[in-house]
């Protein structure tokens, strides 16, 4: 993904304030609530029967933290996202058979969660930079599908 120096700085500055545990759980939880068909990949997580059940589910929170940890790794390697996410792409494609569109959906949900958490600090300029990043990560995760 190509970011200008200013965009990289904006992403790094905001990301340094992100609570990965909370934001990860909220982002994955919202994905499962807003796009309920994505729940089929998480049937082993137990109670997903209502928005409250999803958002309070400790397995959703734990996996969201794991997902955002991988996203953080990607932020450290913006010039090599395909390489950074190669193993995860293979896992999600070959073993888990996740629809690659879900990566784009999760990226957009993450942007919504960041906007909710950071309010005025999440300016249109910062959002534009994050949209590039989440699109790049989604493309990298979908790489093995092509």
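Glycine is no exception: its Cβ is also placed from the backbone N, Cα and C atoms.
As annotated by Swiss-Prot, heme b binding site applies to 63, 92. For 2-146, the entry in Swiss-Prot reads domain 'Globin'. Residues annotated as phosphoserine in Swiss-Prot: 50.
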Residue 63 (heme b binding site) in three-state DSSP notation: helix
Rounded distance in angstrom between the Cα atoms of residue 50 (phosphoserine) and residue 63 (heme b binding site): 18
Local confidence of the prediction over the domain 'Globin' (2-146), expressed as mean pLDDT: 87
C-beta crowding around the residue listed as 'phosphoserine', within 10 angstroms: 10
In the chain carrying residue 63 (heme b binding site), residues 6 or more apart in sequence that have Cβ under 8 angstroms from it: 28, 42, 45
